[in-house]
Structures are given as C-alpha cells and as structure tokens.
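J.: Marked as active site by Swiss-Prot: E131. The annotation Fe cation binding site is assigned in Swiss-Prot to C88, H130, H134 on the grounds of sequence analysis.
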Amino acid sequence: MALRKIRTYEDEILRKKSKVVEKFDQRLCQLLDDMKDTMYEANGIGLAAPQVGVLKRAVVIDIGEGAIELVNPEIEQVEGSAVDVEGCLSVPNVWGEVERPQKVVVKAQDRFGNEFRLEAEGLLARAVCHEIDHLDGILFVDKVIRFVSEEEIEQRRSRGDKMDLE
C-alpha cells in the first residue's frame, strides 16, 4: 500500500468527469487501499479517485464507523435537506456551508463488482454526496452558501461538532 499525492483545486483533473469502472481487478483493489491509506494519513473522512489523480468512479469514506468503498456510485433517492459546514482535502484551509440531502440511497458496487445499496443519513449522506460530486468534476466550493472562518471552525471543533471537513 502506498500514500498518493492529493491533488489540489488548481489541478484540472478535479474538474473532469470520471469514467465508469469496468475492470474489477488487482489494480482497482490497490487504488482503493491506497486511497484509504491516503485519506487516513490526511485525517480526512472521504476521498474520491480524482483527488489522487485517477479519473475512475471510486470513492472511500470513513466517518468513524469503518471504511466504506463505493465503486460506480449513483444516488437513487434523496430525502430532506440540511445545511452544514464542509471542507475538502483538495481545497485546504477553506470551509463553507453547503446544502445537501439529509438522507440518500446510493446504488454502487464493491471492489469485486458486486452491486449493493447503501442508505445513508446525516454526516454519511453529506460525505457520500460530496465524494460523488468529485466524480463529476464538482468541488464543494461550487455549492457554498456562506464561507466559514477558521475561528468558527475551531469553535465548532471545541464543542465536538462532527463536520465533513474531509
């Protein structure tokens, strides 16, 4: 396993649409493992393949309940909405309030190509939507309602608020 370089907002790859994964092989497994290692090393809660320079529809997420791998994810259902603060490993030291669905149902495949559905709500739903946006060349700053200062982030952290600060 290896750490991969996280691309930042200046990199054009982050604005491109990712391709569907068609080969479920050792290279995909290696990519997913490397993405998890990279995400954990960077103290993130999610990482999409384009963020490590790979235009494939694959994401990893861990909001503290164990890693989830989503290959070729598609949002099938959304319910409700909520505004909360997000950040992104590809847009360092920038945070903002973003409106996202409160609940989502996602159809995806695992690393072996097996299809499954994931029902997510709250922070997990937010992280899933944020990462799927990356697969379509969308950054959270494109959806920010209000940018948030570092001081406000520190206040929220000191209260123990869970935020998608990737």
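Including glycine, each Cβ sits where the backbone N, Cα and C put it.
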J.: Using DSSP, would you call C88 (Fe cation binding site) helix, strand or coil?
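T.: For C88 (Fe cation binding site) - judged by DSSP and reduced to three states - the answer is strand.
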J.: What same-chain residues, at least 6 away in sequence, bring their CB to under 8 Å of the CB of H134 (Fe cation binding site)?
T.: L14, S18, A48, P50, Q51, V59, S90
J.: Below 8 Å Cβ to Cβ and six or more residues apart, same chain only. Which residues does that give for E131 (active site)?
T.: G46, L47, A48, V59, I61, L70, P73
